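Here's the structure, in structure tokens; my notes come after.
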Amino acid sequence: MKVYFAGFTLLCLCTAVTITGCKPSNDNQSTGVSQDGNSTTPPSAEQTKSVKISGAGASFIYPLISQWSADYNAATGNKINYQSIGSGGGIAQIKAATIDFGSSDKPLDSSELTQAGLGQFPSAIGGVVPVVNLDNIEPGKLRLTGPLLADIFLGKISKWNDAAIISANPGLHLPDTKINIVHRSDGSGTTFNFSNYLSKVSAEWKQKVGEGTSVQWPGGVGGKGNEGVASYVQQIKGSIGYVELAYALQNKMSYTALQNAAGQWVQPSAESFAAAASNADWSNAKDFNLVITNATGEAAWPITATNFILMRKQTKDAAQRKATLDFFKWSFENGQKQANELHYVPLPPNLVKQIEAYWASEFK
């Protein structure tokens, strides 16, 4: 089965992209940054030597990284090779210094960063959404509370017409069908944010399963990457899984509404992700170590997540590290439209300034 997003067609097992000559999504957008930080038209590939940048990690951010990479290549001639292997793989590869940047939806704490000689900074904000394969259930129509979602993944609720689900969905016809669980099989920041949220809303989940990039699932089938989970949910009737919103929308999957910490039923969207992120205190988060699941706010999506970029503080190739940072600087300044189109939340200007100050102090 194929998985579609962002104008790319991928087989579920295809997890890497090398951008070499794709056209930008908007021919009129600003496409470069001058030495004083202002956006300008960049030199052509013929005027400057092409640079190859390698990255690996979270599938959560893959649709956006892919689009940014295509546009950056068209603007500068530089090539980005990003492998969608899961946050755990990205962390392992950047620690081993086999790539220029790693990507994780789970922030590392300062002690782990120091031990590994790494720095980290946010790249974008998105949301994890439960997705289901149920006939005649349109996207956003099925409602689940956090405790209900935990009980489903714990295996305590095993039928779609369970009284607890029906109680949250008056008037919605739910079948007498077994619930089939789909989860990640690889080390995953998406899993971290999903399990972190469930640990906040269910004491039983916290005690029995807990949180992490990999957990001991009570049952179900595992898929590799957001791509793999999306594929399995599409194939298995009565299934439920969790993916980043872009995967659900581009594959026309049915996602659920969730009840947030304020008791409101909310739909996943860039707006509800932004509402969840609006009170995030990044200035007091050392090394940007902040998780924003189960945020307060009437309109907040409860499983909102941040993607983080990991880079080595010490390097033998300062020019390569600068080229990598230039890619993210360009993306922050020129990639907001792409982020919005793919239902991510671009970073606010004040946070970008904090990140650039962090670069100056940590990546010397």
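Here, residue 1 is simply the first one shown, and the rest follow in order.
The backbone N, Cα and C atoms fix where each Cβ goes, glycine too.
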* Asked: So Swiss-Prot lists Ala58, Ser59, Phe60, Ser87, Ser188, Gly189, Thr190 for phosphate; which of Asp100, Asp105, Asp109, Asp176 goes with them?
  -> Asp105
* Binding residues Ala58, Ser59, Phe60, Ser87, Asp105, Ser188, Gly189, Thr190 (phosphate) - maximum C-alpha distance in whole Å -> 9
* Specify the count of other C-beta atoms within 10 Å of the C-beta of Phe60 (phosphate binding site). => 34
* Could you tally the C-beta atoms, other than its own, that fall within 10 angstroms of the C-beta of Ser87 (phosphate binding site)? => 32
* To do: Measure the Cβ-based neighbour count of Thr190 (phosphate binding site), defined as the other Cβ atoms within 10 Å of its Cβ.
  => 30
* Asked: Hey, for the phosphate site built from Ala58, Ser59, Phe60, Ser87, Asp105, Ser188, Gly189, Thr190, who else sits with CB inside 8 A of the CB center?
  -> Gly57, Ile61, Gly86, Ser103, Ser104, Lys106, Thr191, Phe192, Asn193, Thr213, Asn226, Glu244, Ala305, Asn307
